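Notes for the one structure printed next.
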Amino acid sequence: MIRAGIVGGTGYTGVELLRLLLPHPEVTVQVITSRAEAGERVDTHFPNLRGMCDLCYTAPDPEILAKLDVVFFATPHGVAMDSAPELLAHDVRVIDLGADFRLADAEVFAHWYGMAHRAPEALRAACYGLPEYFREHIAQSRLIANPGCYPTAVILGFAPLLEAGLLHQDTLIADCKSGVSGAGRTGRVNLIVPEAADSVAAYGVSGHRHRPEIEATLSKLSGETIELQFTPHLMPMIRGIHATLYGQLQQPLSDAALQALFAERYAQEPFVDVLPFGSHPATRSVRGANVCRIAVHQPRPGQVVVLSVIDNLVKGAAGQAVQNMNRMFALPESLGLTQIALLP
Ligand SMILES: NC(=O)C1=CN([C@@H]2O[C@H](COP(=O)(O)OP(=O)(O)OC[C@H]3O[C@@H](n4cnc5c(N)ncnc54)[C@H](OP(=O)(O)O)[C@@H]3O)[C@@H](O)[C@H]2O)C=CC1
Ligand SMILES: CC(=O)N[C@@H](CCC(=O)OP(=O)(O)O)C(=O)O
């Protein structure tokens with residue numbers, strides 16, 4: 001059995017990790033941390049776990065974490081980088097759901113996250129944990145940077161086109177919507193019901209920290225320098241990300257050829273579902289499931305629109321982290337991740 005620990009167990013992604021790991025046949029969760037709730041039973045805070053979980057929160061203790069096989073950091077940016085080097089030295093695998101190891105360039109990280117990178121050596125050893133594109137590297141890595149939620153939806157939607165060099169690079173737009181759980185449990189004041197319900201607003205239009213993550217990954221996959229306009233919006237829903245991606249083809253391509261590109265690229269992927277051409281996937285079709293549903297459109301010759309939906313807490317965070325863990329421990333990638341989405 002893999003002995004696992006979760007740092008940040010009172011947050012949304014930490015509890016989502018617990019929901020997925022408790023029934024996982026090859027994992028035993030031995031540690032779940034909270035500084036504020038140390039000593040409290042987890043199921044007093046999350047009654048959905050009653051009868052499934054006897055764990056109590058403990059304060060993060062490096063000596064205890066160092067005895068585990070894998071530690072998930074479901075913590076704000078800047079936390080994992082202070083613990084990861086020591087854990088790695090004790091042969092503990094680390095999966096960071098935050099952004100500490102996502103941007104390979106420490107200076108780019110410092111610019112977007114407003115803090116110097118304090119573990120540059122670990123940063124160099126980290127692998128970007130998007131299994132559909134970096135599966136082999138993940139299997140050999142001991143430190144995984146779990147991708148951001150928006151980047152997961154955007155990269156999975158754009159990558160087949162960019163890998164094939166089919167799009168003009170100066171016309172790319174990612175117009176995205178997120179549910180409020182994307183901001184975390186201790187989210188901002190504008191995420192409380194009276195402020196967030198019955199309203200939609202864009203934010204971060206001039207620059208959001210997920211833009212460099214998306215651009216760096218798509219540049220790596222395409223071999224070109226990719227720049228795009230990324231516009232996130234806050235939606236009055238709890239879970240879900242909907243990405244509408246726009247691009248212009250460099251040369252004419254039939255609808256059937258576009259569809260075949262996506263269908264073939266993801267044919268063997270257990271967690272990417274390519275819908276029939278011209279479909280309209282809804283976030284409710286992925287709620288609670290580790291899946292990205294994608295649909296391709298060509299409204300006018302040469303104009304491509306890709307729709308990509310995920311649950312931000314599952315394929316956008318905890319589910320993808322478990323997928324990465326499975327890969328790191330040479331387990332079947334789908335183990336413990338075959339939940340069907342909750343509908344309605
Ligand atoms: N919400 C989402 O949809 C997604 C989130 N992420 C990323 O995952 C990470 C966690 O997000 P989320 O679950 O939403 O966050 P929350 O704000 O809901 O929870 C954060 C957790 O971290 C703990 N924590 C905070 N500071 C520290 C610290 N210095 N040391 C140890 N523990 C700490 C908190 O518990 P306590 O203070 O009691 O210790 C709490 O349990 C973030 O980096 C986020 O950006 C990634 C993809 C999607
Ligand atoms: C709705 C909302 O506020 N979403 C968050 C991103 C969610 C996320 O988890 O991103 P990281 O892992 O990079 O923090 C935001 O835009 O800042």
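Cβ coordinates are placed from backbone N, Cα and C, and glycine is handled just like the others.
Just so you know, TrEMBL annotations are computer predictions that nobody has curated.
Listed in TrEMBL for this protein:
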- CYS149: active site (ACT_SITE)
- 3-141: domain 'Semialdehyde dehydrogenase NAD-binding' (DOMAIN)
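Residues belonging to the domain 'Semialdehyde dehydrogenase NAD-binding' (3-141) score a mean pLDDT of 97 in the model. All chains included, 28 other C-beta atoms sit within 10 angstroms of the C-beta of the residue listed as 'active site'. The residues of the domain 'Semialdehyde dehydrogenase NAD-binding' (3-141), classed with DSSP into helix (H, G, I), strand (E, B) and coil, number 54 helix, 25 strand, 60 coil.
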